[in-house]
Amino acid sequence: MSFQELLNQVGSLGRFQILQIVFLLLLNAIVVPHIAMENFTAAIPNHRCWVPILDNDTASDNGSRILSQDDLLRISIPLDSNLRPEKCRRFAQPQWHLLHLNGTFSNVSEPDTEPCVDGWVYDRSNFLSTIVTEWDLVCESQALNSVTKFSFMIGLFIGGIICGHLSDRLGRKFILTCALLQFAITETCVAFAPSFFIYCSLRFLAGLSVEPILVNSHLLMLEWTSPKFLTMMAALLSCAPNIGYMISAGLAFLFRIWHHLQLTMSVPIFFFLILTRWLSESARWLIVTNKPQKGLKELRKVAHMNGMKNSGDLTMEIVRTSMKAELEAAKTKPSLRDLFHTSILRKRICVLSFMRLFFTVSIFGLAVHLQHLSSNIILLQFLISALAILVSVIGPFVLNHIGRRITYLVLMSLRGIFILIAVFVPQEMQTLRIIMATLAEGISSLCVGVSRLHTNELLPTTLRATAVGVIGFFGNSGSFLSPLFMLLATYYANMPWIFYGGFSIFNAFTVFLLPETKNQPLPDSTHDVGNDWKESRKGKKEDPIIKVTRF
């Protein structure tokens, strides 16, 4: 509110904001793809049991060398219900009589088969090595593949709980730097994990630091930016991760061994860690947390970088006068209880938490299971990211013209419809199913950007990170619950996707329980969220008319 006047004085979108936003966007572009990294590093290739007569070069039982690979496969591996080689069982003894049967007959009694006691043979045409091939996470151990995703999401969940409160107490920049250090170390160490348990433990620690990085980078952009540029920032926030996803798809194509891909994606984070020393702490946060001297120092630094010649005129008296109400409020330390102190803020927290839960179940449910949509995960990820960038380009125009609520309604509804169409399209129409799923995932990033922007605009600065942490608690609950919905596929193959699509459509209409925030100033205190903020918003709308009349 009154901080906006100070921001205008030092430059609301100058050289400082551009450099800081570019850095934080690049940081998002390199961190976010790690959330779905296991689409590549944990890809499940086609596989079958290892059998001596087929895979041991020294074997020559019964003159098998004169038989083709297809014949050897036929007598060694039983067929499943789709007449494809079984992935998890083999014949206990070669079934020579099958060579004389028509290919449509595959009646083999259960006692003639056994599990893959000698291991598996993997199709390495897409990836030379993944954690699945390294630790044999297939057949009876296939559930462990979900454990890797679950461990990362649990880390994300816990990180979301603790990050908000720490950010409001210790500052955006400090928590961001600490989290980035932890993320860089753990994700680099993942590449050298000697066992599955250590791998999951490191992924848990990495997940623990993701939410503090994303939340605080968004807050540092938000709290240094004028409201009229927030829609542009939301679009850029949607584009940045997808540029990262496109790069990760390209790197996955170049580095087919998961250790190398993991290192290539993780080591550059240390470079960004070094650059965080030049980040500026949020002056808005410093002032409203009763640190006006430090806030003034940051404002003067920004004014100097933006080339504002009157930066020396900015004094402590001006800051205290402009932010008098906020400084008075800052004398009392905000607590978690303050989130529910007023009925309006309480309602917003509850609605946003409810929405975020269903939102993340649907978003992550689709994002981390892309391999179910296509065998060529690299190409699919690249196409989805390219589409998401194109969709994000129109984001600012849509947000500026029709606002946050209508944009969110349209995007989430379309996303849910695309998912449901993909579900009910016949299996034979695979191309259409992939197109629908690609469209659904393509608009997901803009949905995330709009959701984060609208959420931050509804919360006061003094409690923003804490509130985002509470909302993130429910959101991250959805993130680790989303893989569990895939267990429903054992009862009905399309059931998980029906839930993902239905949640998206349901979530779209709950946005009308929240107010529109287009062209409105950010609230700085809980007082601004109440009726006084509504009056100030009304006054802001009337100001231009008053000025024109006086002129």
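The backbone N, Cα and C atoms fix where each Cβ goes, and this holds for glycine too.
What Swiss-Prot says about this one:
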COMPBIAS  525-545  compositional bias 'Basic and acidic residues'
CARBOHYD  N39  N-linked glycosylation site
CARBOHYD  N56  N-linked glycosylation site
CARBOHYD  N62  N-linked glycosylation site
CARBOHYD  N102  N-linked glycosylation site
CARBOHYD  N107  N-linked glycosylation site
REGION    523-551  region 'Disordered'
TOPO_DOM  1-15  topological domain 'Cytoplasmic'
TOPO_DOM  37-145  topological domain 'Extracellular'
TOPO_DOM  167-173  topological domain 'Cytoplasmic'
TOPO_DOM  195-203  topological domain 'Extracellular'
TOPO_DOM  225-234  topological domain 'Cytoplasmic'
TOPO_DOM  280-348  topological domain 'Cytoplasmic'
TOPO_DOM  370-376  topological domain 'Extracellular'
TOPO_DOM  398-405  topological domain 'Cytoplasmic'
TOPO_DOM  427-432  topological domain 'Extracellular'
TOPO_DOM  454-467  topological domain 'Cytoplasmic'
TOPO_DOM  489-494  topological domain 'Extracellular'
TOPO_DOM  516-551  topological domain 'Cytoplasmic'
TRANSMEM  16-36  transmembrane segment
TRANSMEM  146-166  transmembrane segment
TRANSMEM  174-194  transmembrane segment
TRANSMEM  204-224  transmembrane segment
TRANSMEM  235-255  transmembrane segment
TRANSMEM  259-279  transmembrane segment
TRANSMEM  349-369  transmembrane segment
TRANSMEM  377-397  transmembrane segment
TRANSMEM  406-426  transmembrane segment
TRANSMEM  433-453  transmembrane segment
TRANSMEM  468-488  transmembrane segment
TRANSMEM  495-515  transmembrane segment
Among 174-194, 204-224, 235-255, stretch most in contact with the transmembrane segment (468-488) (C-beta, under 8 angstroms): 204-224
Among N39, N56, which are glycosylation sites, the residue with the most C-beta atoms within 10 angstroms of its C-beta: N39
Tertiary contacts of the topological domain 'Cytoplasmic' (225-234) (same chain, 6+ residues out, Cβ under 8 Å): 4, 7-8, 12-13, 17, 21, 395-396, 399-400, 449-450, 452-453, 457, 519-522
Whole-number Å value for how far N56 (N-linked glycosylation site) lies from N39 (N-linked glycosylation site) (Cα to Cα): 31
Leading stretch by Cβ pairs under 8 Å, where the reference is the transmembrane segment (235-255) and the options are 174-194, 349-369, 377-397, 495-515: 377-397
Candidate ranges 16-36, 174-194, 349-369, 377-397 - greatest C-beta contact count to the transmembrane segment (204-224) (under 8 angstroms): 174-194
Within the predicted model, mean pLDDT of the topological domain 'Cytoplasmic' (167-173): 85
Within-chain partners of the topological domain 'Cytoplasmic' (167-173) [C-beta distance under 8 Å, separation at least 6 from its ends]: 212, 215-216, 219-220, 223, 276, 279-282, 285-286, 289, 334, 462-466, 469
Criterion met for the transmembrane segment (406-426) and the transmembrane segment (349-369) (at least three Cβ pairs under 8 Å): yes
Tertiary contacts of the topological domain 'Cytoplasmic' (454-467), as residues 6+ beyond its ends and Cβ separation under 8 Å: 3, 163-165, 167-168, 172, 215-216, 218-219, 222-223, 227, 230, 284-285, 288-289, 326, 329-330, 334, 336, 338-339, 345, 348-349, 352, 356, 404-405, 408, 511, 514-515, 517, 520, 522-526, 528-529
The transmembrane segment (259-279) and the transmembrane segment (16-36) contact flag, 3+ Cβ pairs under 8 angstroms: yes
